[in-house]
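To keep things clear, I will list the structure first and then write my remarks on it.
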Amino acid sequence: MADESQIELKTAPADFRFPTTNQTRHCFTRYIEFHRCLAAKGEESNECERFAKYYRSLCPGEWVEKWNEQRENGTFPGPL
């Protein structure tokens with residue numbers, strides 16, 4: 001019998017701040033928004049999950065790993 005469950009793939013919604021096809025700034029901004037939300041609302045809050053979905057759909061995994069390392073080391077270049 002075939003598995004009838006479907007996987008729904010989504011990406012971040014269009015954002016007027018990023019009108020071009022290069023989504024690098026969009027990715028970086030969503031990553032920052034997620035971590036700012038966590039700082040404001042706390043790790044247990046589910047309110048930040050949408051930002052996590054956005055940056056995870058936009059950003060290459062290698063970038064996220066590097067940024068996570070930089071945050072842990074206190075060398076992250078963004079305004080958190």
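The backbone N, Cα and C atoms fix where each Cβ goes, and this holds for glycine too.
Given the structure is predicted, the values throughout are model-derived calculations rather than measurements.
The recorded disulfide partner of CYS37, taken from TrEMBL and restricted to CYS27, CYS48, is CYS48. Of all Cβ atoms in the shown protein chains, 19 besides its own fall within 10 Å of the Cβ of CYS48 (disulfide bond). Every protein chain considered, the tally of other Cβ atoms within 10 Å of the Cβ of CYS37 (disulfide bond) stands at 17. It is 15 Å from the Cα atom of CYS27 (disulfide bond) to that of CYS48 (disulfide bond). Annotation for CYS59 (disulfide bond): same-chain Cβ neighbours under 8 Å, separated by at least 6 residues, are CYS27, PHE28, ARG30, TYR31.
Counting every protein chain shown, the number of other Cβ atoms lying within 10 Å of the Cβ of CYS27 (disulfide bond) is 22.
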